[in-house]
């Protein structure tokens, strides 16, 4: 029987957010991190120039950049981003629109503590075209997923999901915009639950102390 992985509660949790794009998920976490919210963003890591880095700087959050092109191999980049992330001593890492696959060095250090979001109800429609694939298949309901990151593409243990109906006349843009709203709220709730209650992972099953719900 596989040995359980137990990640203890860490509130108030130190968050490192990895991002490559507009920073909408990062902004949601920054906006949430007030009052008694059980997590704070302590650093943002990027792999390119992007709006997310600007949002972090505007919020006086330290930013570090680890570009793949600046390293002789993907393995070397993996070592570098692991070290840069570890320097901020995170309790949790959030991959928030980060357009790189995290490697074995990173996962050996942060597995069970690294979250990702996906704009579909996994395991359906993984990968970068989840919204378009759901529309092409003709589903009537899709949604958002928050999961732990593993070595695969959107294959890690699922922490939380929320359905989003597909409306008549939806195209990829309109559907994706509605999913993004749910995705942001679900991520904020999942981070809070993980920070407060921790998680136990056995194989593909992740169990937290309470169910993740969004209002």
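Cβ atoms are placed via backbone N, Cα and C, with glycine included.
Pulled from Swiss-Prot:
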- 118: active site, proton donor (ACT_SITE)
- 74, 100, 101, 102, 116, 150, 151, 152, 153, 154: (6R)-10-formyltetrahydrofolate binding site (BINDING)
- 116, 117: Mg(2+) binding site (BINDING)
- 154: site 'Raises pKa of active site His' (SITE)
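Around residue 154 (site 'Raises pKa of active site His'), the C-beta neighbours below 8 angstroms that are at least 6 residues distant in the chain are 116, 118, 122, 123, 126, 127, 130, 145, 147.
For residue 151 ((6R)-10-formyltetrahydrofolate binding site), the Cβ neighbour count at a 10 Å cut-off comes to 12, with all displayed protein chains included. DSSP assigns residue 154 (site 'Raises pKa of active site His') to coil in the three-state reduction, placing it in neither a helix nor a strand. DSSP assigns residue 118 (active site, proton donor) to a strand. Each of the binding-site residues 116, 117, 153 was scored by the other Cβ atoms within 10 Å of its Cβ; the lowest score goes to 153. In the three-state DSSP assignment, the secondary structure recorded for residue 74 ((6R)-10-formyltetrahydrofolate binding site) is helix. The candidate set comprises the recorded positions 101, 118. Of these, 118 has the most other Cβ atoms within 10 Å. Around the Cβ of residue 74 ((6R)-10-formyltetrahydrofolate binding site), the number of neighbouring Cβ atoms within 10 Å comes to 12.
In the three-state DSSP reading, residue 101 ((6R)-10-formyltetrahydrofolate binding site) counts as coil.
Those residues noted as binding (6R)-10-formyltetrahydrofolate (74, 100, 101, 102, 116, 150, 151, 152, 153, 154) have their most widely separated CA atoms at a distance of 20 Å. Distance from the CA of residue 117 (Mg(2+) binding site) to the CA of residue 153 ((6R)-10-formyltetrahydrofolate binding site) is 11 Å. Looking at residue 101 ((6R)-10-formyltetrahydrofolate binding site) and residue 117 (Mg(2+) binding site), their Cα atoms lie 13 Å from each other.
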